[in-house]
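Here's the structure, in structure tokens; my notes come after.
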Amino acid sequence: RLSNGSTTCSGRVELLHGGTWGTLCDYLWDLPAANALCQQLNCGVALLIPGAQSFGKMNGSVWNGTFSCKKNDSHLRDCPVTVMGHDECPTGKDARVVCSGEHQKRCPGVRLVNGTTCSGRVEIRHGDTWGSLCHSHWNLQAANVLCRQLNCGYAESIQTAHFVYGNVPIWRDAFHCEGTESCLWDCAQVTLGNPACSARKTATVICSGNLGLAESLRLSGGESRCDGRVEILLHDVWSRVLDDDWDLKDAHVVCRQLQCGIAKRAYCLPRSERGTGVVGFRSVQCTGNESHLMLCKTSHSQTVPTGVAEDVGVICSGELLCKSRQIRLINGTKRCAGRVELYHDGIWGTICDDNWDLSDANVVCKQLGCGHAIKEFGSAHYGEGSGQIWLDDVNCTGAESDLWRCPSKPWGQHNCQHKEDAGVLCS
């Protein structure tokens, strides 16, 4: 069985052996074995084996066996088992898995929205319809039960207006909990006769297991933690942020939340660098003074309307003083040969081969610690790049320490195409 997960198809792996349930040692626990378990439980395939702190610890037996599964093993019980010594299975090293199938809560029909995994606006489901819960009937005892059933510890606060209101019905349900119930639905519930509730008075909770605000946001694909594509953690999934009108006010909020100083640049990524996952926020409208992105006006619809398909990026001032510009060689057979690319304003781009010669190539090789230039190349010898062409008419003496110290046209100004991308072969 899978225990202590937020769905029926995730959790700590436990085995029944000799009439006793015990955890499985994670030594040599791998994806083929996890896949076999997911299939055995009718839970699809294994998505990942999460970190050691996931799903808590069990006080009891630890089974020190390892399963040697192959890709075609349909059930874990069909895999060969090897018994290991006790030294290989220290306490707390339990096997874990998140399967793809049946992402239904063990206590279904309750969720937190517009926050993190362990904070947000409380929604419950009646029939097939999700709606917010009225704040006036919500108390700390009920919130404690909800936090516990979501494996999020206890309720720290229910007095918060941080979470954006949704366009959903407002349910008048009142849960009268003692605080010891394992599921919100185990509490006495009153639905009829309660007074109406305004849309701005909906139940919210911040649980103790809540990720810190900075940990619920990240910048991906950049050169440091303070630049890159914006991604937000919603319901345990890193999700995209899309916005054709992304600007510095929005970017300032991201940088502030990540403790990365102020925003130096807000940009939309080129098509080749867009994400492909779930959409979290779109059409973000910040005043620029908010402490975190969830306080900004946003749309949470996962459908992407026409014209709103741009993943957004940020370059913050923090941690970028030495990393705002970088250089690399791409598509060569070794580290010191390839197409020359420069990282500038959060984007990798190429160099045009106009006037590109051995003196220019020498600066590149020296800058990369690759000796001297054996040959310079033009006409996309190492393949055509994509996106931005950063420099044109580069004219180095060969003595410069960095390529961007050489005379050239201004950054981004050129009359070239990627079929003219420059390259070098260093010694």
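Here, residue 1 is simply the first one shown, and the rest follow in order.
Just so it is clear, glycine is given a Cβ too, placed from its N, Cα and C backbone atoms.
Features reported for this protein in TrEMBL:
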DOMAIN    1-100  domain 'SRCR'
DISULFID  CYS25-CYS89  disulfide bond
DISULFID  CYS38-CYS99  disulfide bond
DISULFID  CYS69-CYS79  disulfide bond
DOMAIN    110-208  domain 'SRCR'
DISULFID  CYS177-CYS187  disulfide bond
DOMAIN    217-317  domain 'SRCR'
DISULFID  CYS255-CYS316  disulfide bond
DISULFID  CYS286-CYS296  disulfide bond
DOMAIN    327-427  domain 'SRCR'
DISULFID  CYS352-CYS416  disulfide bond
DISULFID  CYS365-CYS426  disulfide bond
DISULFID  CYS396-CYS406  disulfide bond
Find the one among the disulfide-bonded residues CYS296, CYS316, CYS352, CYS426 whose C-alpha lies closest to that of CYS406 (disulfide bond).
CYS352
Consider the disulfide-bonded residues CYS38, CYS69, CYS255, CYS416 and say which one has the Cα lying nearest the Cα of CYS177 (disulfide bond).
CYS38
So what's the mean pLDDT when you look at the domain 'SRCR' (110-208)?
80
Alpha-carbon spacing, CYS396 (disulfide bond) to CYS365 (disulfide bond), which is rounded to whole Å
13
Greatest C-beta neighbour count within 10 angstroms, which of the disulfide-bonded residues CYS79, CYS99, CYS286, CYS365, CYS416:
CYS99
For CYS89 (disulfide bond), write down the residues of its own chain that are at least 6 apart in sequence and whose Cβ falls under 8 Å from its Cβ; none is a fine answer.
CYS25, TYR27, VAL62, ASN64
